[in-house]
Amino acid sequence: MEKTNGREAIALPTVETGIENPGLELTEEGVNPEETRRTEERGQSLGDGVGPSTHQRKSLQPFSRAWSFCKRHASLFKKILLGLLCLAYAAYFLAACILDFQRALALFILTCLVLLVLVHRFLKRFFGKNLTRCLKPFKNSCLKLWMKWVLAGVSLVGLILWLALDTAQRPEQLISFAGICMFILILFACSKHHSAVSWRTVLWGLGLQFVFGILVIRTDPGYNAFQWLGDQIQIFLNYTVAGSSFVFGDMLIKNVFAFQIAWFLQITMGTTATETLAVAGNIFVGMTEAPLLIRPYLADLTLSEIHAVMTGGFATISGTVFGAYVSFGIDASSLISASVMAAPSALALSKLVYPEVEESKFKNKEGVKLPRGKEKNVLEAASNGATDAVGLATNVAANLIAFLAVLAFINATLSWLGELVDIQGLTFQVICSYILRPVVFMMGVEWADCPTVAEIVGIKFFTNEFVAYQQLSEYKNKRLSGVEEWIGGEKQWISVRAEIITTFSLCGFANLSSIGITLGGLTSIVPHRKSDLSKVVVSALFTGACVSLISACVAGILYVPRGAETDCVSFLNTSFTNRTYETYVCCRGLFQSTSLNGTNPPSFSGPWQDNEFSAIALANCCELYTNACVPKAGPFP
């Protein structure tokens, strides 16, 4: 080393020798020699001490490769598994249908519905744009106008032919048709903007309601389908399955029912996506739950759309109360068909009373998505469903008791006030029977049944539909049990036709107490629009009530007795000891065919003439119906 200015200098040979040092080379390359040494020592110690782990890793390599292969081809395996499951289900389905098709009818219908949904989704996914392109020529203004007039002409001719041919056999159906015209004129007179009424929406809605009514009430396949659906719902409700909203509420409503029905109503009636979706959802859920389907958009709805949403809630019932009505003895198929028929009518009449004069932000369904439930699994959904079911049942029972108590108090007060002026038996039902008697007559109810039906309709509107359906069930049970129609000058039951019309007229939440329920539910979601909600709620309530009454008119037009008439001669020739509706009808016919001739044996006419069992059947009927069996000189009453 040399010293330069007091510092040691490294000679060049020394530096050259240092460059040949491997550690220096590693340092220059950025590698720590010490760390490298420790790594080598650690690897050597692992190699010396844990040799078996290496063998284990080698033995697990086939499983690792298999796992990697499965991950790479997971999609293919899912398709294969799905295909195998479909083949297994197809084999099971065919076996069930071959062994007993009637027993497998429910499975067959459900399978067809699933296939229909899958085909719809397939066509929409792969051919949606092509279908839209094919329909573009129909958007031509001249073609649309031409098709509109053709469709209107065909509909008018069809309606005239229907009235001429069908009502020729049953003229009383014309009264129900006149009732529809009367209610439409009343609603048009109450319209907010007469010049802005979209008659396309009104006519399409009423037309769809009429078509649904024909399918359900007149055609055997439609009637049997809804009868079967009602029976299945009753069976389902008997199981008391909790958490059904988790299983059906999101996917089934979203992909099958609410969106599809809303889409159909929207393209035919020209309504907006939000109001149509809410009204379609009312077929399945209640008036406070349906607005939740469009909860993010309630703040931006126009007044006309708010009116439509409220009207849909007032005009229909929900699945949550369906079981309660059925438990009263109300016909399930009539309840379902009334709810389905009410959806297009609610939109139509809402746009008649409160037509759209603002610019809506939701003219199509893009951007309108249903919210998903908060439940994470089936157990949580079942727990929530059971809790809600208990709360609902308690609430229904409490409301029913409360309204019955209120009705009893009102009747006691009216009776006391009536006695002060020598009017005996003055009750709320009696007042309703006089005020609403012309209304129910225009629905197609026979005049003899009008006082009773008017009482029930009045109870529904001014009190509660639960109480009204309970009252209707009492009359129905009396008829089925064979009670005499008139006792002490009072009618004990109403005809089957009147029962059906009344069932349709009661199918809705349009009563005074629902105003508070609707306002409370909607204002909790959009509190800043409370004034707008309060502005249209009374009009929506009246419109919803008219929707139910028009549905009853449609039922009055379309209703025909079903089933074969009872052969009374054969029926009464058998031994009978219990009162039934068939027994009463046959005995009444026998009484009307019997004449007394002094002390001589009674004579019979009609099918009872020259029948050796007529006298025995008459004696048996007189034992059951002593009030009707009164000897007179002439025919029995």
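Quick reminder: no glycine exception, Cβ is built from N, Cα and C everywhere.
Note that TrEMBL annotation is computational and uncurated.
According to TrEMBL:
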type	residues	note
REGION	1-57	region 'Disordered'
COMPBIAS	34-43	compositional bias 'Basic and acidic residues'
TRANSMEM	80-99	transmembrane segment
TRANSMEM	105-124	transmembrane segment
TRANSMEM	145-165	transmembrane segment
TRANSMEM	171-190	transmembrane segment
TRANSMEM	202-219	transmembrane segment
DOMAIN	256-329	domain 'Nucleoside transporter/FeoB GTPase Gate'
TRANSMEM	306-328	transmembrane segment
TRANSMEM	335-354	transmembrane segment
TRANSMEM	396-417	transmembrane segment
TRANSMEM	536-560	transmembrane segment
Q: Across the whole of the domain 'Nucleoside transporter/FeoB GTPase Gate' (256-329), what does the mean pLDDT come to? Round it, please.
A: 81
Q | Interface present between the transmembrane segment (145-165) and the transmembrane segment (335-354) (three or more C-beta pairs under 8 A) | A | no
Q: Would you kindly check 80-99, 145-165, 171-190, 536-560 and say which stretch has the most C-beta pairs under 8 angstroms to the transmembrane segment (202-219)?
A: 536-560
Q | Long-range Cβ neighbours of the transmembrane segment (80-99) (under 8 Å; 6 or more residues past either end) | A | 107-108, 111
Q: For the transmembrane segment (171-190), could you work out the same-chain residues 6 or more beyond its ends whose Cβ comes under 8 Å from its Cβ atoms?
A: 163, 197, 202, 206, 349, 352-353, 441-444, 446, 539, 542-543, 546, 549-550, 553-557
Q.
For a three-state summary based on DSSP, what are the helix, strand and coil counts in the domain 'Nucleoside transporter/FeoB GTPase Gate' (256-329)?
A. 54 helix, 0 strand, 20 coil
